[in-house]
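Have a look at the structure below, then the notes.
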Amino acid sequence: MGWMAWTLPTALFFAGIALLLVAMTVWQTVSPGRERKGFLPLTTSRGDRLFIGLLASAYGHLLVLALTDWPLWVATAICATGMAIIMKWG
Amino acid sequence: MRLRKSLVMLVYLLFVLVPIYSLVNMSFKSNREILGGLTLWPTAPTLDNYRVVFTEPTWYTSYLNSLSYVSMNMLISLLVALPAAYAFSRYRFLGDKHMFFWLLTNRMAPPAVFLLPFFQLYSAVGLFDTPIAVALAHCLFNVPLAVWILEGFMSSVPKEIDETAYIDGYTFPKFFIRIFLPMIRPGIGVTAFFCFMFSWVELLLARTLTSVDAKPIVAQMTRTVSASGIDWGVLAAAGVVALLPGIAVIYFVRNHVAKGFALGRV
Amino acid sequence: MKPYNNKAWWLVLPVFVLVAFSAIIPMMTVVNYSVQDIFDPSTRYFVGTEWYREILADPRLHDSLLRQFIYSFCVLAIEVPLGIVVALSMPRRGLGVPFSLILLSLPLLVPWNVVGTIWQIIGREDIGLYGWILNSLGLDYNYASNPRDAWITVLVMDVWHWTSLVALLCYSGLRSIPDVYYQAARIDRASHWAVFRFIQLPKLKNVLLIAVMLRFMDSFMIYTEPFVLTGGGPGTATTFLSQTLTQMALGQFDLGRAAAFSLIYFLIILLVTWVFYTAMTHNDNKE
């Protein structure tokens, strides 16, 4: 595993993603969600919204890094809010 | 109208064939003639270039190396993709769409992105410079493609066939191998052809994951620069030889290849 | 409607394991590399998002990204209409069908580096047919020294290499139109344009979506052909994303920067793939 050059932050990041996927699976099994249409211009399931949220967050972080000098947690905070909005009303 | 169509087709085929003709033409020339000026056919035809390709060990072993990883890749891709494609074409399950999308992204991802970790990964597991490393690496884009094409072909087989077979007491493996696979034979043939094709023509990963023992033909061809410059004649002969297996394979699937290009979904 | 059955996962599992091995593990490694400054496996420092900040401001990324988008756009703008025209001109029956199918597929079977070699020769003004013709016509054509000529040669090479794919896709779409439609059109004395617009084009929509997606993606990751033909030059005129990345990763062994570049590259691919995939499933659902 040495060649993979693990660091604590990236390990936490991937653990978080894995947990998120497990949680989504459990949630879907316990109370199945249906596809619906929110403010996004397409019908989405929970999983779709999660993906859209994550992808948008990735782009959000890159934008902040490219265009501003803000510390990264600001970007994370904004993206987390956006993510919640997409999950709830998207 | 018909005449105009034939004319368009002829002009396009000419456009396709001229470069290939120039490759074949070049392979029968000596280097002196190639570099001496433009000739439309070999003035002094020679088989020397082919002799080099077929007798020099570095050339024919690299050819065999390519054949070995390509066939391994074809076999692995088909073996894992067949059941998966059946699952996608017949059932809905938790996360099926996301799984399919994820597979698709791997077909679309540029090999350059995976270059660095692949080199490290296959060195770490001790597979560097073996054909199996290249075969596994090529699975990255061939397996998703195989699933995609096979799913299209399988979806055009009516579901009633499965149901009747299960009622008749067939178990799943028996039904799958005895009844279902023969029905989608053209699909399997076309999928094998596509796996072959994309593995055969790929250079970047094949070159990065091999050095000496498993060097593929495509990498060997990029290393023909000797002291006296590029050996164009041998390069052209090797190119012609590298073209032949593809032509042989496509002949067998010619009637279904168009549907294959549409990934089975027309 | 397909039955819902989670046991189907067992059938997908082998694919998942295999692709995970060659996709997820490397992807994790790339992420790890991208946040560190690595000198050798034991000497590495966590640098956070420094590489991203640097690469996002790097003109090499901007330039090759711009070139890449222009290139992929040109590829689509030429290959898709040309492919449709060729597909419409394909013979419908008889010996011409397998004959033209095999001839059309030929460029697709040529190993990518050989494609580069072929065009390298054929474009030379002293010994290549096309280069010689162009120069005899009085054009000062030289792909090795003139950026515009190099660019055009790479583009023509791609058209030669891949238009057949679009043509074959469209051909198989056209073949699935029942003859009845054409007969009805003949009775109505519909013009050729009307037949194309209202019978053939709608049927082609699905395959065209696949064609556009495959052509966009594959031209977006083009590496071997321009690498062999021009080596990315003259200057950086034909250096596309994959080549910039490969130079960074293997040429300069600049792990951190290359990894950050890889991830940005991958994110672009991810977004575009998602858009196409959504459009495709949307289409399927409507039918």
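Backbone N, Cα and C define each Cβ position, glycine as well.
Predicted automatically and left uncurated, TrEMBL annotations should be read as such.
If you check TrEMBL, you get these features:
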- B:7-24: transmembrane segment (TRANSMEM)
- B:63-253: domain 'ABC transmembrane type-1' (DOMAIN)
- B:67-88: transmembrane segment (TRANSMEM)
- B:100-120: transmembrane segment (TRANSMEM)
- B:132-154: transmembrane segment (TRANSMEM)
- B:175-201: transmembrane segment (TRANSMEM)
- B:232-253: transmembrane segment (TRANSMEM)
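Between the transmembrane segment (B:100-120) and the stretches B:7-24, B:67-88, B:132-154, B:175-201, B:232-253, it is B:132-154 that has the most C-beta pairs under 8 angstroms. Counting same-chain residues at least six beyond the ends of the transmembrane segment (B:175-201), those with a Cβ under 8 angstroms from any Cβ of the stretch are 66, 69-70, 73-74, 77-78, 81-83, 86, 135, 138, 141-142, 145-146, 149-150, 152-154, 157, 161-162, 165-166, 218, 242, 245-246, 249-250, 252-253, 255-257, 259-260, 264. Non-local neighbours of the transmembrane segment (B:232-253) in the same chain are 20, 23-24, 26-27, 29-31, 34-35, 48-50, 52-53, 59, 63, 66-67, 186, 189-190, 192-193, 196-197, 200, 217-218, 220-221, 224, 260; each lies 6+ residues outside the stretch with a CB under 8 Å from one of its CB atoms. Sequence-distant contacts of the transmembrane segment (B:67-88) (same chain, six or more residues past either end, CB-CB distance under 8 Å): 96, 100, 131-132, 134-136, 138-139, 142-143, 146-147, 150-151, 154, 176, 180-181, 188, 191-192, 195-196, 199-200, 206, 214, 216, 245.
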